[in-house]
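Lifted from Swiss-Prot, the feature list:
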| type | residues | note |
| --- | --- | --- |
| ACT_SITE | 486 | active site, proton donor |
| REPEAT | 100-142 | repeat 'PFTB 1' |
| REPEAT | 150-191 | repeat 'PFTB 2' |
| REPEAT | 441-485 | repeat 'PFTB 3' |
| REPEAT | 515-560 | repeat 'PFTB 4' |
| REPEAT | 592-632 | repeat 'PFTB 5' |
| REPEAT | 641-682 | repeat 'PFTB 6' |
| REPEAT | 703-744 | repeat 'PFTB 7' |
| SITE | 419 | site 'Transition state stabilizer' |
| SITE | 475 | site 'Transition state stabilizer' |
| SITE | 613 | site 'Transition state stabilizer' |
């Protein structure tokens, strides 16, 4: 059976190491010797069966395998009776308390031994196939993914095939050439024949590809991976010159000015392009060359398909100026750089590029910044030295990305351990049930303290285009190493709240110096407009977004300011100022003033805020209202709050909830869920946003209606049902945060019970 392991390394693996003894690490292992009881196996198979039956209705999985494991290991039984509130009944204090206690006890049972909450964070369907392709090329596929792994990877691909035969950019998306081609190749590498797979998956996928222009219409990232694999020619890709990494730093397009994820993708990509690396041409590769195209492979005019992209994949059409730039590099520059004496310059550029790759790998303990970058960096290390330690260290960290659910095996974006735990802890603290939660809170506090980044990147980090990280929290764990402003703000908030509580209940409070380091991170990331960047200070100009080389993302070339990061930081610094009023007071006051101005400036005409990391206007509005309320802005003294309240009240549905489609994110306008369905996570966000605004004092009726929906939606064991996907990044790609369905209904009910006057049965 599959088992989730927590905070485990391998003492016998010289290529695996950690900065804090693997706190937060979560890895899946298949134990062939543990067969489990018939009841355990039945639970798992039933979860798989139900997902398969409902996969077109609810596309994100319930993340049930590890939940079943944890609840079984802890002998969890929900002993608090369930409550329902009738249509003509008022929500009482007792009903809210009972529902909250049931949710709190269930959620506490899901806590891992090191104090964090594990969870799937996946959904994009281009994450896993490149890893399979990389392992196939390097000859490590069978050792990294033996039979049971392959079985689960194929299950995942089958589960998320669309009814038209293709695969979406993410699990809820329409079919795209990029992910259909990658999924088809992945199935073939894993042993399926051209017409194999469940429900003729391969034949249906290949038909979709050929019906939509064949693999020549794959977008740029697809062209790169297909070229690497040997089923496409590098001549059909736009240039990615590694000389970019030796440009003078004063140039506006210097890598130091790029968004870190963009920089980290094109760093190893440019190395592989500069080498024109192609994997071994095996019989399977020759077959794929025949299967993926509508014409013979050797008759394709590769130079003419560089700019070709299927219409289904285009979110960001390239402007003419960008195509002219690539054409100039393709026609003029590349022929020179591959010939003497200019090839000496290319050799230097390749060496510099790999120097940066190794630096980033070492400073993330070979996790790297994310899954797309992980696979590219790993392959670049193998191309440089197939038997080298760099590649072996990469292999040791593959398990950090693998996740198993009832829908199969997938690749995480990377872990969300700190992110989910920070919000989960705040939800539990808001419940005012501390006396029932002591061990849970103490473990959570311990995890957060141990996960703070204690050092900056190594050496002369500024010359490697890195920002300070000392005092930050990452999205996942300490080993990951990459500072994030909102993760830092949420971690800081937790530690500040814990510092006001009895140590015998929640453990020793964090040293002030460590808190000061966190404040320093937040202050360092504010832009002139008052907004907060996520990873690094904004240093580049917006016009550089014209050079966005992808077709399916927006706003990826440079760092930007974000509503959520700004609002989180306001809340953290307001609380910090109360507890440490003498530390950098003037800077913090200025920060808050400018941050409020930013939130007011970027509010949408309808009163909402665009959410960059969640769906979408509901999410952004919850954050913004929380930030404004923390800074003393109210319905009475702030027009932005009044407009936001009107937006939320107008978008409330007949059943009392809120439900927003993921389509709001790419379209940048509010789109309700099909059929005006409610989503419990969205309902939690909206309910908390209204509570922040003081809605209870004006008219609590909308709050009671929302709370009634949450109470009546709770399941028998205290869980809440999995519904639509709720996370997003770069405007157009969705992320499944599997614990959101627990955290936000729980948190919203906690705030409701705490801050909204309710009738009591006793009265």
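The backbone N, Cα and C atoms fix where each Cβ goes, glycine too.
Between the alpha carbons (Cα) of residue 475 (site 'Transition state stabilizer') and residue 486 (active site, proton donor) lies a span of roughly 9 Å.
Counted over residue pairs 6 or more apart, the CB atoms of the repeat 'PFTB 1' (100-142) and the repeat 'PFTB 6' (641-682) come under 8 Å in fewer than three pairs, which marks the two as apart. The separation of residue 419 (site 'Transition state stabilizer') from residue 613 (site 'Transition state stabilizer'), Cα to Cα, is 12 Å. Counted with DSSP, the repeat 'PFTB 1' (100-142) comes out as 23 helix, 3 strand, 17 coil. Across the fold, the C-alpha of residue 419 (site 'Transition state stabilizer') and the C-alpha of residue 486 (active site, proton donor) stand 9 Å from each other. Sorting the repeat 'PFTB 5' (592-632) by DSSP state (H, G, I as helix; E, B as strand; all else coil) yields 24 helix, 1 strand, 16 coil. Nonlocal intrachain contacts for the repeat 'PFTB 2' (150-191), taken as residues 6+ away from its ends with a CB within less than 8 angstroms of a stretch CB, comprise 2, 48, 51-52, 55-56, 59-60, 123-126, 128-130, 132-133, 136, 141, 197-199, 201-202, 204-209, 212-213, 215, 217-219, 221-222, 225-226, 229, 231, 284, 287-288, 291-292, 309-310, 312-313, 404, 407-410, 552, 662, 724-725, 732-736. Neighbours of residue 475 (site 'Transition state stabilizer'), defined as other CB atoms within 10 A of its CB across all chains, total 24.
The average pLDDT the prediction assigns to the repeat 'PFTB 7' (703-744) is 98. Counting Cβ atoms from all protein chains shown, residue 419 (site 'Transition state stabilizer') has 25 others lying within 10 Å of its own Cβ. DSSP assigns residue 475 (site 'Transition state stabilizer') to coil in the three-state reduction, placing it in neither a helix nor a strand. Over all protein chains present, the Cβ of residue 613 (site 'Transition state stabilizer') has 23 other Cβ atoms lying within 10 Å.
Cβ neighbour count for residue 486 (active site, proton donor): 25 (other Cβ atoms within 10 Å of its Cβ, all protein chains included).
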